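K.L.:
In case it helps, TrEMBL gives these features for our protein:
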type	residues	note
DOMAIN	68-197	domain 'Adaptive response protein AidB N-terminal'
DOMAIN	224-327	domain 'Acyl-CoA oxidase/dehydrogenase middle'
DOMAIN	338-493	domain 'Acyl-CoA dehydrogenase/oxidase C-terminal'
DOMAIN	503-622	domain 'Acyl-CoA dehydrogenase 11-like C-terminal'
Amino acid sequence: MMAVNRQVTRHSYRVCTGLYRPLSRSTSVSMVQNVLVRPPQDVPGAEGQAEFSRAMIGGFFQERPMLKNPFLEDALLQGYLRRHLPSEAVYSDLRVFGDRLVREVDGWGRECEITPPRLVTYDPWGCRVDRIVTSPAWQRMKDLSAQEGLVAIGYERSYGEWSRVYQMCKLYLYSPSSGLYTCPLAMTDGAAKVIQSLGVSWPVADAFSRLTSRDPEHFWTSGQWMTERRGGSDVGNGTETVALPQSDGTYRLSGFKWFTSATDADMTLTLARVTDVDGQTTSGSRGLSMFYAAVRDEQGMVQGIEVQRLKDKLGTRQMPTAELLLDGLPAHRLSEEGRGVACIANMLTVTRIHNSVSAVAGMRRVLQLARDYATRRSTFGKLLRDHPLHMQTLARMEVETRGAFLLVMDVCRLIGREETGHASQLETHLLRLLTPVAKLYTGKQAVAVISEGLESFGGQGYIEDTGLPAMLRDAQVLSIWEGTTNVLSLDVLRCVSRSSGLVLQAYFTHTQSLLAAASLPSLSVAVRSVDSALSGLREFLQAAALKPPGFMELAARDLAYSLARIYMGALLIDHASWEGASHSDAYAALRWCEQDLCPVVSKAAMGCYNMKTLPLDAALVYEESTSD
Ligand code: MFK
């Protein structure tokens, strides 16, 4: 969305608002470039003309939604910080950053959208250069990311275990204005986390200092090249890239990476199979190792890489995503041989948390714009905000956004505790379980809430140069990359079985403790709903243990949704029980808990996970026409 500042004076053109109001001070307008119209007295022969006679476009122009400081506009964010991180410095940083987003950054984000990256394969003299040209705004985003400490805050740890929450709150404000720059930041953060977990030493000590730097000159971003042509989900079987050991202990990588996002990154972490002396590799996950590679040499040229083409994507067009042929890319092995997946899993955790932050940020942004618009747009003789059905719709979106925010922040709180050595065993289990749950649930919510949000602008929500449709197109990726909804639902089952159920024990214990602390009588209906859903879930899981293999796979998605909804209900109740909570906090908790909090129980009762449904499902999907 483009924030355009223009000096508009009494005697010059006026901002098109539908009201001929003199404007004597600078006006910051978001969403689309200001349309300037001449006031009637400036139009030769205007007097006495019929309204549509000159320009044939009439005199009414709908006011656009205004982006205001997203920090100051966000009651829940402020309440959450007052409760958990009551720091004047944090408040001030986020407030100032919020101003900067409106004043300049939001406009850069729009510039990234309308000036997408392009690939220059050859220079004018025929030399292969494989240069990805990005917009100046995209490059400014990189500098800003360093200056604002968008990765650094998580590693400086100035606020101890709450540093991650602080960092993610800042990213949450930034994300919808970032022109998707949050994507390279997610991978940069993930790479820093992987390096830190392995121990910061040669050959990645310099890289770590760059990834976590606040100096734009020093700052680097990282890619995460995992997906190959055989598949993005089944990494263990889909990875064909091989790593040829060199005499100096380094490797040369050869293979084809199918989706490499933010391909203009300075370095990458990637997976490959080390070849033995006979040139053989080990198949499956056990054959994968993790490598570090700098993308460019000292002259700034890609080394051992051919950029085949840039992807033509539904959304996220601001960001270069490429297919890469690795043709002897020099690399260092960071993991032990065969421990690549386990090693890169740290990166997956961080990027999945970033994904969840972006999801809730998108929901919040569309709501901020929609609620502003509802104060400007009149239909049927009154403002949208005075139409009860419209207000009910926005309130439902608000409830979804609040639940998502509290879930995501809780995951950030947990990773912060783990990284600073404060996490109990219970919290470590909870973090493992809730990371995929938050990612898969908020990804779906974001698409639904943003789609609903576009509707609140009527036809304007469907018009590209308002900047609104891009929000929906960009949201669609949130449930796909870093693990689709089904893959993450299976990841939930995986972590349950790998922990012998301990992650679920942690979940039940913690959710129950959140409910136990809720004492407000006005919340008792909500507490009862969550409590009863929790009991239903427990009984379902006990019964599921006796079911044939395959039952839980069919139930996996609904189980993940149930875990999400129940936990979000408990968090909303917990937040509403805090002494500084508002009436709206309590109302949001009550509204949230009106839905089916445990769909896995309701669907099991309908026989949805019965093995007999499998052939019926297949027959339904593949039913052929009987007509000739
Ligand atoms: C914005 C641009 C958009 C462009 C378009 C987007 C297009 C999409 C682009 C993409 O493709 S993005 C990448 C999407 N792919 C993924 O996110 C990967 C999805 N697959 C998984 O998550 C698999 O579950 C995974 C590859 C991680 C696991 O595969 P395996 O081979 O079955 O691993 P396994 O044997 O279960 O676990 C190996 C080790 O990793 C174990 O450790 P130990 O050996 O020490 O026990 C696991 O515990 C550990 N592990 C696996 N998943 C973990 C994990 N640890 C922590 N967290 C996890 N999530």
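Using N, Cα and C of the backbone, Cβ positions are placed for all residues, glycine too.
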K.L.:
Using DSSP, what's the helix, strand and coil tally for the domain 'Adaptive response protein AidB N-terminal' (68-197)?
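P.N.:
Residue counts in helix, strand and coil order: 88 helix, 11 strand, 31 coil.
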K.L.:
Could you give me the DSSP helix, strand and coil counts for the domain 'Acyl-CoA oxidase/dehydrogenase middle' (224-327)?
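P.N.:
Across the domain 'Acyl-CoA oxidase/dehydrogenase middle' (224-327), DSSP assigns the residues as follows: 7 helix, 50 strand, 47 coil.
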K.L.:
Within the domain 'Acyl-CoA dehydrogenase 11-like C-terminal' (503-622), count helix residues (DSSP H, G, I), strand residues (E, B) and coil residues, in that order.
P.N.:
91 helix, 0 strand, 29 coil
